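Okay, handing you the structure first.
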Amino acid sequence: MSRMSGWALYGKVGRKSRVVLGGLSILLPLLLWSAVSYVPFIWHPQVLVTDPGGEDYLEEGMRMKRADFERAVQEMHAAGQKAPEGVAVNPVYLPSPGGVFSAFVQAFVQPDSRGPEKSILQAFWHSIQIIFWGFVISSVIGVPLGVLCGALPALSRLVEPSVDFLRYLPAPAFGALMVAILGIYDAPKIAIIVIGTLFQQILVISNTTRKLDFGLMEAARTLGARGKRLMFSVVVPGILPDLYRDQRILLGWAWTYLIVAELIGTSSGITWFITQQARYQHFANVYAAMALIGIVGLGTDMLLGFAARFLFRWKQETE
Amino acid sequence: MSAGNGTTVDYRVLPSDVAERMARIKDRDVVLRVENLGKIFAQRGRETVALEDINMNVHRREFVCVVGPSGCGKSTLVRILAGLEQASSGRILVDDKPVDGPGPDRGMVFQKYTLFPWRTVCQNVMFGLEMAGISKDESRRQAMQWLQAIGLERFAESLPHQLSGGMQQRVAIARALAAQPRVLLMDEPFSALDAQTRVRMQTHLMEIWRKIDITIVFITHDLDEAIYLADRILVLKAHPGRVEEVIEVPLSRPRRAEQMTSAEFQATKAHLESLIHTPAEETPDEFEGTEVPLLTLVTDVVE
């Protein structure tokens, strides 16, 4: 195989290299994780006791530091009693890939809730509803306002300074306030996502709107376009691909506010699932839930990116 | 008239057919009238006079070129005519009606490619018609006629970026003309094109102009282009931008490439060059004080 391309500064990556590197970027971390989990002499700092032997304070299923375990074995040897037995394990917070995978599969195979516990899918569905409404409400205000601010300098001067101030206030700081105003259920959670997204959205989109090629605007004006017609025939279609890209990035931000939002009031959704499972030390479930967030987030973004190729063919090819 | 010897030909002497033509043009209505137009740019408290007391009348179906040294404000002039910039003084009348701001009565072709990249070629040409409130079907019908006129109907459904620069400018001309302006303003529309394409575009533009009723004001820094295209050439001088001279081009129509070697052409060009490049008029420009450093100082000289 020829030398892999793409390692020169600002060089180009060939198609083959791209596929190989893309695969490796997923495989390498997984391999590292598998190695740490399945090869006993890599790390494994603890011992899971399988037989307490003569030591009183040991119990079956207990985890302890390797050094402490060895000391216990020596003590028992010296006392002439039965030595405790155990296997080297990783800490409870690092389950193996297989364990996480089976927890992940379990979530889909057995989606019904057991008792009052919500299943991972039910919890996640709740989260998706929160983020959907948060993002929709934010966009309904933020996109038109952002476009108008970008196109009307006076409005921009009127709106942007205060928005600039508001965006520096961390969204979680509004938590208590939102609960006081909107109660403890879903409304304050949606509000936190709106607060986290909206102010950035206004500024990012107004900036995108301002970057529209001025030559196109002037050409349109000499062709008799003005006011609303200019807006909808030139400004909107002209910025649409960039606006779409902005929305994709902002959706990613909305996800980061989700976890904070779900801790507000009565904790709910995937965050509630994660904290609950962590409390039971079911870390395989915790990782499965985190993976689910990642997969759904990346999946929607890839889907939207793929759609953009068809929606904005003119932009793709001119760049 | 002795051909070949430029010094004996006076550019001011019009051949009889050209003189007759000029007289006919001057009998026609004035479509575009510029009165005492001035433009002052204020920047950081300093005022720069870009244009001062510009007067000109452009008659119906006349082809006027505007030339001048860099910084004479010819682009500012055409942008004011288009309504994209405000004049500081004076006024502009189209068909004796004062105009303010951009409008469909003055079409414009820009130096930059300004086709809407998300619209197909046909939709681009339809734009001005749609803005005038004409129905989609009728706009499409007229746009296709324009595309036929410029010979690009095969590309009606293509997107602009699939076209060469010359083709894009042809579409831009069609788009401006489709809106049925009284005056077509062109701001160095061919200067981004390569030399060959430029010559073809000039011929193409004259073909279009011959066929339809349109008055053209054409900005250029290319003197050959100005003489080849224009009935009259408005020469501006810089600092401040003022009208230096208005030259009636002593070439008969239809124009042919061979005329570029004629004595009249050469005499006109020599005169234009003397107007634009006079050393006395040379003003401090961006090259002053940037002498090339003495590179030999850092080399090993072995002699």
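Heads up, the Cβ atoms here are built off N, Cα and C, so glycines get one too.
All TrEMBL annotations are machine predictions without curation.
Heads up, here are the entries from TrEMBL:
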TRANSMEM  A:20-43  transmembrane segment
DOMAIN    A:124-304  domain 'ABC transmembrane type-1'
TRANSMEM  A:130-153  transmembrane segment
TRANSMEM  A:165-184  transmembrane segment
TRANSMEM  A:190-208  transmembrane segment
TRANSMEM  A:250-274  transmembrane segment
TRANSMEM  A:286-312  transmembrane segment
Among A:20-43, A:165-184, A:190-208, A:250-274, A:286-312, which stretch has the most Cβ pairs under 8 Å to the transmembrane segment (A:130-153)?
A:190-208
Please work out whether the transmembrane segment (A:165-184) lies in contact with the transmembrane segment (A:20-43), by counting C-beta pairs under 8 angstroms that are 6 or more apart in sequence and asking whether there are at least 3.
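These two stretches do not touch.
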Can you name the far-off residues of the same chain, 6+ from the ends of the transmembrane segment (A:190-208), with a Cβ under 8 Å from a Cβ of it?
130-131, 133-135, 137-139, 141-143, 145-150, 156, 159-160, 163-164, 166-167, 171-172, 174-175, 178, 181-182, 239, 242-243, 246, 249-250, 253-254, 256-258, 260-261, 264
Under 8 Å between C-beta atoms and at least six residues away from its ends: which parts of the chain pack against the transmembrane segment (A:250-274)?
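For the transmembrane segment (A:250-274), the nonlocal Cβ contacts are 118, 120, 123-124, 126-127, 130-131, 134-135, 138, 171-172, 175, 178-179, 183-186, 188-190, 192-193, 196-197, 200-201, 204, 285-286, 289-290, 292-293, 297, 300-301, 304.
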